[in-house]
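Below: the structure, in structure tokens.
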Amino acid sequence: MEVVIVPDSAAGGELIAEAMAELLRSKPDALLGVATGSTPLPVYEALSAKVRASEVDASRARICQLDEYVSLPYGHPESYRSVVLREVVEPLGLTDASFMGPDGTADDVGAACLAYDRALAEAGGVDLQLLGIGTDGHIGFNEPCSSLASRTRIKTLTQQTRQDNARFFDGLDEVPHHVITQGIGTILEARHLVLLATGEVKADAVALAVEGPLSALVPASALQLHPHATVVVDEAAAAGLKLADYFRATYAAKPNWQGL
Ligand SMILES: N[C@@H]1[C@@H](O)[C@H](O)[C@@H](COP(=O)(O)O)O[C@@H]1O
């Protein structure tokens, strides 16, 4: 695992957007896995800016979703399908033909989960999966004690996650209890995992994920199992890292050709 400490969220966004652009330059139809929440927005803004400036051609990029609420009506503005279309797909100049996600409105949610896991594999697998981290250490919507081998499936949100996400809805009661999420085993199949965490509210979760034991109690610690995992944190989110100086020195000495 590589840990990169950046001054602020804009720098993190630029760094990851450039890694995505570099990937698209060598593989124009790369499958980019994207996350929702506030944290990744600087990544999407920086990548869209690169497309507008013709620094990268994203016209053949494919975008896939990490997770989804169950039971929100189709087209609900806070369904993750709507969020990803609004924040990623449209700003990149793509249409929903370039987009794939699980069906949170399906009558048979179990079948929708299996279908999405299969669709990801049939699409050739995710090339780069961007992740955020929940304050309880979740990735996607894999809440604490999710199996480290889990596949895409239905999960029940913790009260903490529902409270954290209530700001996107008209109050806590509106936040669904159930979600579909790529499993931890599914996420680990992506070729490159990039987790972005910013702000002091994420410092404890980041420290446990990066330096704590591998544990289902901290789902993000599963990144320790991945051969190419990059954790990008701002100074505030890095505050709990014992090895922060080592991470800084390592990144400062990194050859340019290596990329993220
Ligand atoms: N399912 C999403 C996660 O993928 C995201 O990482 C998390 C953190 O969101 P934020 O970046 O807004 O803190 O929120 C939700 O729970």
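Just so you know, glycine gets a Cβ as well, placed from its N, Cα and C.
Bear in mind that TrEMBL entries carry predicted annotations, made automatically and left uncurated.
Annotation comment: TrEMBL describes Asp67 (among others) as active site, proton acceptor. If you take the C-beta of Asp67 (active site, proton acceptor) and look for same-chain residues 6 or more apart in sequence within under 8 angstroms, you find Thr36, Tyr80, Pro102, Gly140, Phe141, Val179, Ile180, Thr181, Gln182.
Positions annotated as active site, for ring-opening step by TrEMBL: Asp136 (among others). In three-state terms derived from DSSP, Asp136 (active site, for ring-opening step) belongs to neither a helical nor a strand segment and is classed as coil.
The active site, proton acceptor feature in TrEMBL is assigned to His138 (among others).
Applying an 8 A CB threshold to same-chain residues 6+ apart, the list for Glu143 (active site, for ring-opening step) reads Gly134, Asp136, Lys155, Thr156, Leu157, Thr158, Thr161, Pro219. A coil conformation is recorded for Glu143 (active site, for ring-opening step) in the three-state DSSP classification, outside any helix or strand. The active site, for ring-opening step annotation in TrEMBL covers Glu143 (among others).
Look at TrEMBL and you will find 12-225 tagged as domain 'Glucosamine/galactosamine-6-phosphate isomerase'.
Around Ser146 (site 'Part of the allosteric site'), taking its Cβ as the centre, 22 other Cβ atoms fall within 10 Å, counting all chains. According to TrEMBL, the feature site 'Part of the allosteric site' maps to Ser146 (among others).
For Arg153 (site 'Part of the allosteric site'), the Cβ neighbour count at a 10 Å cut-off comes to 22, with all displayed protein chains included. Secondary structure from DSSP puts Arg153 (site 'Part of the allosteric site') in a beta strand. Under the heading site 'Part of the allosteric site', TrEMBL lists Arg153 (among others).
Residues or ranges marked as site 'Part of the allosteric site' by TrEMBL: Lys155 (among others). Lys155 (site 'Part of the allosteric site'): 22 other CB atoms within 10 A of its CB, across all protein chains.
TrEMBL lists Thr156 (among others) with the feature site 'Part of the allosteric site'.
In this structure, the CA atom of His138 (active site, proton acceptor) is 15 Å away from the CA atom of Arg153 (site 'Part of the allosteric site'). A Cα-Cα distance of 11 Å separates Ser146 (site 'Part of the allosteric site') from Arg153 (site 'Part of the allosteric site').
Proximity to ligand 1 (Cβ under 6 Å from any of its atoms) holds for these recorded positions out of Asp67, Asp136, Lys155: Asp67.
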